[in-house]
Amino acid sequence: MRAMLLILAQDLRRRSKDSTLLVFAIVLPLGMAFMFDLVIGGSEGPVAARYGAVGASPFPSSPALPPVVPVASEQEARELVERGRLDAVFVTGPGSIHVIGSVDAPIAVQVAREIAESAALPLPGPPPIEIVEDATAATRELDPATHYAAGSAVFFMFFAVLFGFTGLYAERSSGTLARLLAAPVPRASVAAGKLLSGLLAALAGMAVLVGATSLLMGARWGHPAGVAALCVACVLAAMGLSAFVASFARTAEQAATWQSVMATAFGLLGGSFFPVGSWFVQLTPHHWFLRGLADLHGGASPLPSLAVLLGVAALTLPFAARLVRA
Amino acid sequence: MSALLEVVGLRKRYKDIVAVDGLGFAVHEGETYGLLGPNGAGKTTAISMIVGVLDADAGEIRVAGRAPDLATRAMVGYVPQQLALYPDLTARQNLRFFSGMYGMRRAQARTRIAEVLELIGLSDRADHAVATYSGGMSRRLNIGVGLLHRPRLLVMDEPTAGVDPQSRTSILDSVQRLTGEGLAVLYTTHYMEEAERLCDRVGIVDHGRMLTEGTPSELGDPDLESTFLRLTGRALRD
Ligand SMILES: Nc1ncnc2c1ncn2[C@@H]1O[C@H](COP(=O)(O)OP(=O)(O)OP(=O)(O)O)[C@@H](O)[C@H]1O
Ligand SMILES: [Mg+2]
């Protein structure tokens, strides 16, 4: 235990001299939070679209839907959209509906188009689809700000974890790993001491992202204890999977490449950036992390997701011992 | 004289080559044993298994009569063939870190580090980064780390490779002084005169097997180098 802490302390002290730790723990996640703040924008909550209508509004006003501002004419609508006052305006005439949209708000405009299309459908009689309010389903979805914040946090975290592995590879190439292995220190302590710096970098980065996105983007992560548990479990799973992949590599370079490929592939498949509607999403820790957060958000128990993440960690972390060889 | 290190039938295979093939020998307290062999003979592989860096495929290793465990590792000092130091740290910081790995307490370590720095002649450069050291200074520090925790057995893999005669003499003198105090030394070298001068016994290995064993004078007819070349041949090795 003492040896493990000494290895960790020395690792952190030596790495603090270069800026990699800082970049991974603070600069990257903060940069990402700012980027998403720019892309998604605003802190008004999940739906921030500002709509207007010339003529009748295509949907009845409701507190769940964005308000629709009455606009006098098509001419005025164009002006308002151009000046960025409104994202989109519905222009309803007799038997027709079209949308004037701002190029700066593609999502809001797309949504407006869909609304217009559905309103344009001839609907004789009562609507064929009745919307049943399902409170659980509605709240067990993450709002976009939180989804993107969490998705990018877990994506970035996979790379921060690799930080610990580079320390281990460096120890091997400097020959000092042989000395550590000859010392009266269990191999698991050597592995843990080296990989812990990656764990700390990953957790620090996630904490920064959780904090920053809550403040800047209005992301709502949920109960801190649950979020913390999901973060720790997900970091452990990421470390285990990275160790698993690396344990089949012949060289440090190969291991690093495979690990990055895995981190990127999981990020893309796991729905970090865009939803992927396939069963194989469930093979990624990203999915379980996001799902755990959604459950937490909707008042359901995140325990199933936690169990999956911890199970993956338990199965794969022992492979780290295979990396501790001279 | 009891055997501090006993090796029996040690074996290690890398894919298609058998690097160590049933090697056996013993090193006694206060004894300096030289493992001699051409490049690729399996010396480093054997030493790596003895110090616990590499797992053996077969064979038995006993340190002070015990199967290797964490406690026997604490009795062994290891000087790897490749320099094993943190170049961005100073000599003192390197020594301090490794003293922690051997469970030495801070106060105890401080005095011992000063002693070791004196022994390897690095006291006045102790607080410079290792990256600024000459090859000889780094070699000396490499040995110093192995001596730090007062091992009973010092295992050195080519400790004097690429070192000038001054550093070599200084290294060998300090090792000889320690064997006078009961330290057992197992070491490898390609310098035959050095082995003749320093070793109580030598073993000549090739292809992972022990070819012959004896005192330098027993094997030195007319000298150790002739015996070495007669036994291992003149063909170039990898
Ligand atoms: N990691 C490895 N993978 C595959 N083969 C290896 C490995 N390490 C050593 N070998 C092979 O095992 C044999 C013994 O190598 P070893 O390094 O033990 O020799 P050595 O006696 O120490 O040589 P030298 O005097 O050059 O240091 C050589 O043929 C070498 O190529
Ligand atoms: Mg060698």
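Yeah, the Cβs are placed from backbone N, Cα and C, and that goes for glycine too.
Summarising the annotation, TrEMBL assigns transmembrane segment to A:21-40 (among others).
Sequence annotations record features per position, and here TrEMBL assigns transmembrane segment to A:148-170 (among others). Remote same-chain partners of the transmembrane segment (A:148-170), defined as residues 6 or more beyond its termini with a Cβ less than 8 Å from a stretch Cβ, comprise 11, 15, 20-21, 24-25, 28-29, 32-33, 36, 39-40, 142, 177, 191, 194-199, 201-202, 205-206, 209-210, 213, 217, 219, 221, 231, 234-235, 238-239, 242-243, 246, 252, 255-256, 259-260, 262-263, 266-267, 270-273, 285-286, 289-290, 293, 323-324.
As annotated by TrEMBL, domain 'ABC-2 type transporter transmembrane' applies to A:150-292.
The feature transmembrane segment is assigned by TrEMBL to A:195-219 (among others).
Away from its own ends, the transmembrane segment (A:225-249) comes close to residues 154, 157-158, 161-162, 164-165, 195, 198-199, 202-203, 206-207, 210, 255-256, 258-259, 262-263, 266, 285, 288-289, 292-293, 296, 302, 305-306, 309-310, 312-317, 319-320, 322-323 of its chain (Cβ-Cβ under 8 Å, at least six residues beyond either end). Annotation comment: TrEMBL describes A:225-249 (among others) as transmembrane segment.
Look at TrEMBL and you will find A:261-283 (among others) tagged as transmembrane segment.
For A:303-324 (among others), the entry in TrEMBL reads transmembrane segment.
Across the domain 'ABC-2 type transporter transmembrane' (A:150-292), DSSP helix (H, G, I), strand (E, B) and coil residues number 116 helix, 0 strand, 27 coil.
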